[in-house]
């Protein structure tokens with residue numbers, strides 16, 4: 001049995017190839033059935049995300065294994081093998097285990113340390129168990145990878161610092177406000193960045209969110225997901241005073257929030273502080289707003305400096321994480337080898353017990369027929385000895401004939417001979 005990991009990712013293949021090799025969720029069961037129908041495959045898990053498509057397999061070793069699996073992947077997706085071969089990576093046994101642990105821990109992600117990949121790996125594993133998983137070694141490898149990812153999160157700072165603009169904006173808000181559960185957040189725009197911001201805010205228990213957008217339809221879809229209120233851009237002037245935090249990201253060519261607008265809001269708030277995070281380019285908030293007392297304005301450049309600092313921290317944490325992964329992968333492979341030895345020991349013991357039972361039964365039958373007890377016991381001992389040493393004796397003789405001193409010494413050591 002051999003453990004394999006093969007696939008492509010954002011580092012080895014452009015999106016034009018990754019999208020052709022991806023497995024859609026509605027066809028995943030069919031793909032797993034087809035994969036497990038291959039004679040050398042004992043168990044398989046398919047991980048398919050926007051940044052990677054990977055097969056994790058338990059297989060029987062054979063000479064054409066790599067070619068057979070590449071051929072299956074290309075046939076399934078109607079690809080030319082040459083298009084895929086140069087982008088494909090291939091990991092075996094310890095390297096396969098280490099790769100999965102790195103993936104689950106976010107060490108191989110486009111955004112170093114991102115947490116979403118662990119959920120994606122868990123889902124891929126769960127999907128494989130719906131009547132598809134056959135190999136216990138593969139199941140153990142995934143379960144171990146989940147615990148390693150948790151250990152990496154717990155023992156290092158790999159996920160502690162924001163490395164996306166959306167996450168950095170929310171981290172900044174959490175640093176300024178002791179609790180986000182009591183604040184009101186005004187979100188200007190309804191694009192992808194604001195969508196990510198709303199998810200982070202919801203995770204931090206923000207109760208009141210207001211979304212201002214040029215088109216109500218898109219904003220309403222997002223608002224329905226997070227329980228927010230939708231207003232028009234023209235309503236910002238009137239509603240700004242309610243907001244403790246304003247996060248803006250639109251494609252407007254001109255500022256949407258001006259100095260005068262914020263001055264009026266601060267006056268209505270009796271100068272309670274406001275945090276304004278402008279992550280738009282061009283800027284949505286006039287730079288002069290930052291000069292107002294109690295208005296704390298941060299631009300996308302300010303966030304980028306936070307992200308750069310945090311990315312350096314994550315890279316330092318990644319060194320610790322890699323050490324954990326290397327240690328855990330080595331220990332897992334040692335455990336796997338021990339399991340293989342346990343099966344051999346069990347088979348050897350079972351064989352010896354069969355010989356014992358067979359010869360004991362014959363001896364008892366001879367005693368019942370009135371045979372001489374001493375003669376029967378001596379015969380039992382002689383036959384038992386010969387049967388048990390027959391296979392080791394043949395191996396010793398063959399090693400001697402082959403001039404294989406190393407094997408001969410291993411056999412002597414195994415038999416406890418000085």
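Each Cβ is built from the backbone N, Cα and C atoms, and glycine gets one as well.
Per Swiss-Prot, the features are:
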BINDING   49, 50, 51, 52, 109, 114, 115, 116, 120  substrate binding site
ACT_SITE  50  active site, nucleophile
SITE      99  site 'Important for activity'
BINDING   189, 190, 191, 192, 193, 194  NADP(+) binding site
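Considering only the recorded positions 50, 190, 194, the Cβ with the fewest other Cβ atoms within 10 Å is that of 50. Cβ neighbours of residue 99 (site 'Important for activity') (same chain, under 8 Å, six or more residues apart in sequence): 5, 91, 108. For residue 115 (substrate binding site), the nearest of the recorded positions by C-alpha distance turns out to be 50; the candidates were 50, 189, 191, 192, 193. Across the fold, the C-alpha of residue 109 (substrate binding site) and the C-alpha of the residue listed as 'active site, nucleophile' stand 11 Å from each other.
Excluding 189, 190, 191, 192, 193, 194 themselves, the residues of that chain whose CB lies within 8 A of the CB mean position for the NADP(+) site are, in sequence, 195, 196, 197, 249, 250. Between the farthest pair of Cα atoms in the substrate binding residues (49, 50, 51, 52, 109, 114, 115, 116, 120), the distance is 15 Å. When the alpha carbons of residue 194 (NADP(+) binding site) and residue 51 (substrate binding site) are compared, the span between them is 22 angstrom. In this structure, the CA atom of residue 50 (active site, nucleophile) is 19 Å away from the CA atom of residue 191 (NADP(+) binding site). In sequence order, 106, 110, 117 are the same-chain residues whose CB sits within 8 A of the CB centroid of 49, 50, 51, 52, 109, 114, 115, 116, 120, the residues recorded for substrate being left out. Note: residue 51 (substrate binding site) has non-local neighbours 9, 10, 18, 109, 110, i.e. same-chain residues 6+ apart with C-beta under 8 A of its own C-beta. Within 10 Å of the C-beta atom of residue 49 (substrate binding site) sit 20 other C-beta atoms, taking all shown protein chains into account. Here the Cα atom of residue 191 (NADP(+) binding site) is found 21 Å from that of residue 49 (substrate binding site). Taking a C-beta cut-off of under 8 Å and a sequence gap of six or more, residue 189 (NADP(+) binding site) has these contacts in its own chain: 212, 213, 248, 249, 250, 251, 280, 284.
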